[in-house]
Amino acid sequence: MIKNKKIIIAISGASGAIYGIRLLKVLKEQNIETHLVISDGAALTIKFETKYSIQEVKFLANYCYDEKNLGAAISSGSFKTAGMIIAPCSMKTLASIAHSMEDSLISRAAGVVLKERRKLILMTRETPLHIGHLENMLKVAHYGGIIAPPIPAFYNKPTRINDIIDHSITRVLDFFDIETNLIKRWSSD
């Protein structure tokens, strides 16, 4: 498990803001420093899809930044982090990263993470996908990003929506060697 590390969490406007919120909760329990960016679209999605206020979500993070603040600490490669998780990642955010637009703090921080060869995990949320979406995913993967859509697994027999959410975020946290006891891991036994 990583100790005294910093992880950037971004919540974009795609459906599934609960993934980002649950990540923040788990990382807070693990005493891992989080740097949060909530897009304007995500603020609307959080209000529409969850019981959380924006302030409650921000309270889960150690540091919060406005998505328009391109001068924030996380926009510089000299600010050391373990990497970044965008949960959920909209197709707009994916496209911005794939084409190096860096027109918001989310896409700027993602670009920094890629150029510094740190971990960038995109929990992409869209279905069905057209060829442009797939090409953007391929570009980001070529740059070193990891495309990790929150696809449920059923071998652990989920009975609650939180079981499905926890499975997806555990898989993402595995990339950072962060151990949790949220799920039953696959075993042939």
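Backbone N, Cα and C define each Cβ position, glycine as well.
What Swiss-Prot annotates here:
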type: BINDING; residues: G13, A14, S15, S39, S90, M91, K92, T93, R125; note: FMN binding site
type: BINDING; residues: Y155, R171; note: dimethylallyl phosphate binding site
### Message
Check the DSSP secondary structure of G13 (FMN binding site), expressed as helix, strand or coil.
### Response
coil
### Query
Quick one: largest C-alpha distance among G13, A14, S15, S39, S90, M91, K92, T93, R125, binding FMN per the record, in angstrom?
15
### Summary
Mapped onto three states, the DSSP assignment of Y155 (dimethylallyl phosphate binding site) reads coil
### Query
Other than G13, A14, S15, S39, S90, M91, K92, T93, R125, which residues of the chain come within 8 Å of the FMN site, judged by Cβ distance to the Cβ centroid of those residues?
S12, G41, A42, P88, C89, L94, E126
### Distance from Y155 (dimethylallyl phosphate binding site) back to S90 (FMN binding site), taken between C-alpha atoms, in Å
27
## Note on the structure
Cα-Cα, K92 (FMN binding site) versus R171 (dimethylallyl phosphate binding site), nearest Å, comes out at 23
#### Entry: For the binding-site residues S15, S90, the one whose C-beta sees the most other C-beta atoms within 10 angstroms
S90
### Summary
R171 (dimethylallyl phosphate binding site) sits from G13 (FMN binding site) (Cα to Cα, rounded, in Å) at a distance of 22
### Message
For a quick check of understanding: among the binding-site residues K92, R125, R171, which residue's Cβ has the most other Cβ atoms within 10 Å?
### Response
R125
### Message
Taking only same-chain residues 6+ apart in sequence, whose CB is under 8 Å from that of Y155 (dimethylallyl phosphate binding site), what do you get?
### Response
W186
### Message
What's the number of neighbouring CB atoms sitting within 10 A of the CB on G13 (FMN binding site)?
### Response
21
